[in-house]
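Peer 1: One structure is given below, represented as structure tokens, and several questions about it will come after.
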Amino acid sequence: MARFLSRPIAISLGDPAGIGPEVVAKCWDGRAVNNLPPFAAIGDPRAIAHVWDGPIELVDDPQEAEAVFDYALPLVQITAAEDDLPGHPSVAGAHCSLDSLEIAVGLARSGSAAAVVTGPVSKEQLYSIGFAHPGQTEFVAERCGVSQGNVAMMLAGPTLRTVPVTTHIPLAEVPAHLSPALIEARGRTTLRGLQRNFGIAEPTLAISGINPHSGEGGLLGREEIEIIEPAIAALRAEGWRVTGPHPADTMFHASARARYDAALCMYHDQALIPLKALHFEDGVNVTLGLPIIRTAPDHGTAFDIAGQDLADPRPMASAIQMAALCAANRELVE
Ligand SMILES: NC(=O)C1=CN([C@@H]2O[C@H](COP(=O)(O)OP(=O)(O)OC[C@H]3O[C@@H](n4cnc5c(N)ncnc54)[C@H](O)[C@@H]3O)[C@@H](O)[C@H]2O)C=CC1
Ligand SMILES: NCC(=O)COP(=O)(O)O
């Protein structure tokens, strides 16, 4: 089992009615074969007990996890106001998922955990209790004192890394949100993240267009000329290796992917469709631009299969491995 991290990883279980508890428990089962470093789960033990009958040991701090990790799943306990059954989300469960996220991030910020891995939450449920952030990415950024413009949501798989410039907003609002300054900021955060988290000394970033054929010289839209090209020029002037704007339909086949370290895309699905098509089982969501390491499996709560022993733990295992790798790279670089 990987023992190269100085501290364990904190994992928020996400929505108790989703598949987060099941995949975290299954990762503990597979800790040796997947070479996972010690971790502590943060959440309601009843959510795990509904889907798993393995041993749990309550701990107060992830730093106690190492001592028990070989024989039990270490858990920092949160008790939800109601005991949700798998597949049946509730307001109480939404509060529990937010509490577990808050505590896990705090443990990473305080240095008790080497990194935080977040389990899947339901944005619909969180919005219903007044959660005002587009997603966990922006929540973690705020807790770390990083502005939304200076954080980036990277989806990383073995053969592709993508970053959307805009994340969880309606598609119709995307063009109005794009600006040279936002694209530059996301590009810079991505390039620095490739250096700090992934150890790539001189990264190359490919930037997509937004219109068909990247606007066809302005005939199919002018965002490339007026917004994206100025951002690319500014990043190049800073010395970064940046290409584009590339037509999005031809930048994800194998030989195109070989020419860059990450692709910066203009909106959520432009970045996530290729990533999930190639790496649904091992794609990882990595937040760049933070003082801490945060990763997450790139899937949601999957309420449709919760409690049926159908949840695939490989994305969560990949997120834990990626968190450990990024934490180790950070220690080397900084
Ligand atoms: N990082 C996060 O917290 C994320 C949260 N979500 C949230 O999840 C909720 C549901 O979103 P959906 O779009 O339905 O995506 P989803 O990923 O929850 O489910 C999509 C499909 O994939 C299947 N699936 C997902 N993960 C699986 C796994 N590990 N093993 C086997 N099958 C799996 C599900 O059963 C479903 O059929 C939404 O409320 C969304 O906000 C979505 C993506 C990421
Ligand atoms: N589609 C990716 C996703 O929803 C992850 O968002 P976040 O909650 O990690 O910001």
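Backbone N, Cα and C define each Cβ position, glycine as well.
TrEMBL annotations: computationally assigned, not manually curated.
Sharing the record's features from TrEMBL:
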type: BINDING; residues: Thr137, Lys276, Asn285, Arg294; note: substrate binding site
type: BINDING; residues: His168, His213, His268; note: divalent metal cation binding site
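For each listed feature, how buried is it and what is near it?
Peer 2: The local packing around Lys276 (substrate binding site), expressed as other Cβ atoms within 10 Å of its Cβ over all shown chains, amounts to 17.
Around the Cβ of His213 (divalent metal cation binding site), the same chain contributes Leu220, Pro247, each under 8 angstroms and 6 or more positions distant in sequence.
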Peer 1: Which whole number of Å gives the largest C-alpha distance between any two of Thr137, Lys276, Asn285, Arg294, the residues noted as binding substrate?
Peer 2: 19
Peer 1: Please check each of the binding-site residues Thr137, His213, Lys276, Asn285, Arg294 and report the ones with a CB atom less than 6 Å from an atom of ligand 2, ordered along the sequence.
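Peer 2: With ligand 2 as the reference and 6 Å as the Cβ limit, the list reads Thr137, Asn285.
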Peer 1: Quick check for the class: what is the C-alpha distance, in angstrom and rounded, between His168 (divalent metal cation binding site) and Arg294 (substrate binding site)?
Peer 2: 18
